């Protein structure tokens, strides 16, 4: 369930995702950087530029105007990447003004093209360039002589500091003071600026890259642009947003000049969520709603309703915050408060949000929430809330999958939501739906369908608007699809391809991002299984602690597997029993079945094969009830092996044929090799009792198993295969093949330098 109001664009207190302008209290002022932008626009209007270069420069106009002030080095570098000749011309123009006299700067302003020019000019009065030039000309014309001289000295400092300190981003930028009312465009009176020294800049501020000091206050448009950009990047591509520490410094600097800036507190809340800072995230969220309630804009626009609306949405957001951190009791109290206030105000939309979070909270606590979810779907349809309605249906599908519903029923429900998604262009929900479909097919053991859905999501053109250079939504849905893709490649022995997928995940979702735990756990599971398949238990054991830190249940299960492999059966059995009780409470069916299979393997070690049968039959019934084909096939393999060890190979072969088709069609390479090796052993056992036809079938099965294990470079398993081949060929009287297999067995045995386990006592 996607969290409510997690980004600036979904906040109910915003207007079309744009922050309110009147909360800034920061006035625009003239700065040397703005003169640099003017010089760029002048050169673009007066010089001849190729069409590709002009297109690249046009894309820079709005970011340069609305973004924060840049150092001269940063500014020239950006322009030079688009058009080197224009960058040189701008630098030359600034050099003429900075190394010249005051009249040179005045001459530059006098030669600027007027906004009231023909349409073919870029400085046309209604264009972006024209509006900016007109704004700057009006600001410059209102300056007194002393203010013009201060601006000139600031421009000199701005230009010469670049060459004094060549490292970009580490130099001071002189700008005019934000708190100096004499630079305010609304002021028409002369001020007493002459009391200060004329060669002193009005305001010293520094624009750092990542390590420099805090800079001065931003203008209204700069703050709007900064917040909109960072909020969009946090939602769509967190990796491209500022680092948490850097963004925190920027917001602290912004709040230093305007502590009542509500939207800055909200972005601070989002930033704190990235690093799982419980105290600061709750602190910033409460400050956001406090400032929003006190702001005059809400009182004017919403009247008395604005106060109550802020309170109930504040409680709702606080409940979602506690849910994210696992504080279920505090979340329940905050949610009940939001419901009470919403009922008093008769706010059905807020109540619907509360209902959605109520069943989400029940799910997190492990309680049954199907009835609540169904009620939420009905109410969302009644109030025409397609976003919440679709999320509720997807949540119902997830619950149905965990409860063992048939696949075709779940897919029919998802198909109905797809119509809703495309009708309302709900791009985020389309991605979630495809990722959920991939997970469902994986759970049901249909690897081909899962691969198709994952590829469909990764190749889908997003409906989200492409802003700030973001070309792909780096959401949780993409992370889930890529993790499934990596697992599918690893199951087929394509570890190099899986490593490339993880490398992409590492770049797109660095370890500090909120979705990084998905690929970190997935990568650890793949490495663990690879070492266990190769019987390198000393390499698999250190991975258990890392997995436990990410997922306690997975860590316990893997720990039991390692202990079982190290013949520490008592400890392994204790952990498995503890894990089974825990999973029965949380209704984790897949883990319960795997625990049963591991417990049955512990019975094998003590030769209690008959004791393992009831456990395996119970696991098979549970897997078939929940339509878990992959686990059902693995359980059948365990049943066939148990029957083989009980001396009934014919029955084992009959059971094995039932699972062979789904394993060969959708199973991992390791499962195929194990199935073929078990079939060969069953045929060999039958051949001793009847004829040599089964022995020939056993030879074919061993050859196929050898190809599978060779693909995985699983030398331990290959040693077992060559051992059985040597015995089988000797029985058939094929001495050369027997000698060859014996030689391969000896070479592998010498290479591994580890005692081979009893091949007839393991699956």
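Positions of Cβ are set from backbone N, Cα and C atoms, glycine also.
Annotated compositional bias 'Basic and acidic residues' per TrEMBL: 192-213, in sequence order.
For 30-162, the entry in TrEMBL reads domain 'Anaphase-promoting complex subunit 5 N-terminal'. The average per-residue pLDDT of the prediction over the domain 'Anaphase-promoting complex subunit 5 N-terminal' (30-162) is 78, rounded to a whole number.
The domain 'Anaphase-promoting complex subunit 5' annotation in TrEMBL covers 265-364 (among others).
Per TrEMBL, domain 'Anaphase-promoting complex subunit 5' is recorded for 470-502 (among others).
According to TrEMBL, the feature domain 'Anaphase-promoting complex subunit 5' maps to 603-660 (among others).
The region 'Disordered' annotation in TrEMBL covers 184-214.
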What same-chain residues lie close to the domain 'Anaphase-promoting complex subunit 5' (470-502): Cβ under 8 Å, and 6 or more beyond its ends? 232-233, 236-240, 427-428, 431-432, 434-435, 438-439, 442, 447, 450-451, 453-455, 457-458, 462, 464, 508-509, 515, 518-519, 522-523, 525-526, 529-530, 667-670, 711-712
Mind checking how the domain 'Anaphase-promoting complex subunit 5' (265-364) divides into helix, strand and coil residues in DSSP? 91 helix, 0 strand, 9 coil
What DSSP reports for the domain 'Anaphase-promoting complex subunit 5' (603-660) is 49 helix, 0 strand, 9 coil
